[in-house]
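Colleague: Just passing along the structure, written as structure tokens.
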Amino acid sequence: DFLCISLVNGFTQLRYNLGDKTIILQTLQKVHANGNTWHSLNAGRVGNEGYLDLDGINITQKASPGMNALDTHTDFFVGGVSSLNLVNPMAIENEPTGFTGCIREIVLNNRELKLTVTDPKGGANIGDCDGTVCGYTVCKNNGTCQVENSGFSCSCPKEWTGMMCEQSIHCSQNMCGSEALCIPQPSSFSYTCICALGWSGTYCKNKIKFYTAKFVGNSYIKYTDPYYGKRDLQYSRLSLNFTTNQTEGLIAWMGKSEDEDNDFLAIGLANGTLKVVINLGERISVPLMYSKYFTCSDERWHVVTVVQNQTCIKVHLDEELILFEDIDPQRKYTALNYGGICYFGGFEIGRKVNIVTTGLFQKEFIGKIKDVVLFQDSKKIQLMKAEGYNVYDGNS
């Protein structure tokens, strides 16, 4: 399998093979080879349906029956490869040769790659394209960069300040505690403080402890499972207690959530009833809904347990077995490779639940969670020891 973007006789070409046939897309227009025109390229695939967009002119290849997952267990190369004989002969039209030119702002599966000296895994024969200290986005928030004798300076739009226009003027004199985030509120010419776990108050200066976590809407906890390396991922289990008066919300997400191919097990509410979704591979996410008329939005405590035994999923709600389904009798994927990451209540600040979950859940959780147990562990996980913001003591 491969996915390759190349220049061929002045045209941009995307080629990919998911295991059965090579699909080729080529742009209608040539690129400017004058050395001073930047082009914007957007290329990829959804299943086996490909798209290639150069400067807003789009070419697509409709999906056809066949393979729809890209199985590559190699490094991701930009501009060339460590050895040209690594390149599959079907991936390019002519003899393989390295790229000569400039590349900036690479976004892979919604994550920007840092094109610095230290961030990539390796490389060779790379220089600074701009030739000045004013790199591509050295001044943030539409600031303008000027080269000076001692380096550079940024002139910032009126809402921003700091060396690189990285700080809102509303947060420049903020009183938030050292563990807090300052969020500017331009409409009211002020700011709010978002407290890290274990802190509360307007300025996040009050130390707190909790065993019941209270989520207020833009809250989240990210827990890293210290025993992940020893887990048997074919037999996963997640159990917790929750209470809420909301009809929508993401309660828990076991999985890295970095891109759509990551495995996950998710628990949440949709229309007031319990919704469990599991993906063991190839984005085959199977939503399981509890269809009987029963609302979980009644401000009572409910205990939910989800057990994955290879492809068999059991869901218990308040000690009653409500769902029991084999999501893939073919047993193609049987392990939950969740990367040791569990989210509760939502995702990091700025990552909207409906976008990260591709519409499976509509919003962040508002309510309380306690007694979270992973697998068959004898102890509940200590939510206080995790990473997160805007989570408060649910007992007070």
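Positions of Cβ are set from backbone N, Cα and C atoms, glycine also.
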Colleague: Tell me which of C156, C171 TrEMBL records as disulfide-bonded to C165.
Modeller: C156
Colleague: Suppose you look only at the domain 'EGF-like' (130-166); what would the mean pLDDT be?
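Modeller: Averaged over the domain 'EGF-like' (130-166), per-residue pLDDT gives 85.
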Colleague: Can you tell which of C129, C165, C204 has the least company, meaning the fewest other C-beta atoms within 10 angstroms of its C-beta, among these disulfide-bonded residues?
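Modeller: Output over disulfide-bonded residues C129, C165, C204: least Cβ neighbours within 10 Å is C129.
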Colleague: Between the Cα atoms of C156 (disulfide bond) and C195 (disulfide bond), what distance do you get, rounded to the nearest Å?
Modeller: 28
Colleague: Find, for the listed disulfide-bonded residues C102, C156, C176, C193, the residue with the lowest Cβ contact count at a 10 Å cut-off, counting only other Cβ atoms.
Modeller: C102
Colleague: Against which stretches of its own chain does the domain 'EGF-like' (167-205) lie, if we need a Cβ under 8 Å and a gap of at least six residues from its ends?
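Modeller: Residues packing against the domain 'EGF-like' (167-205) from afar: 158-161, 218, 221, 349, 383-384, 386-393.
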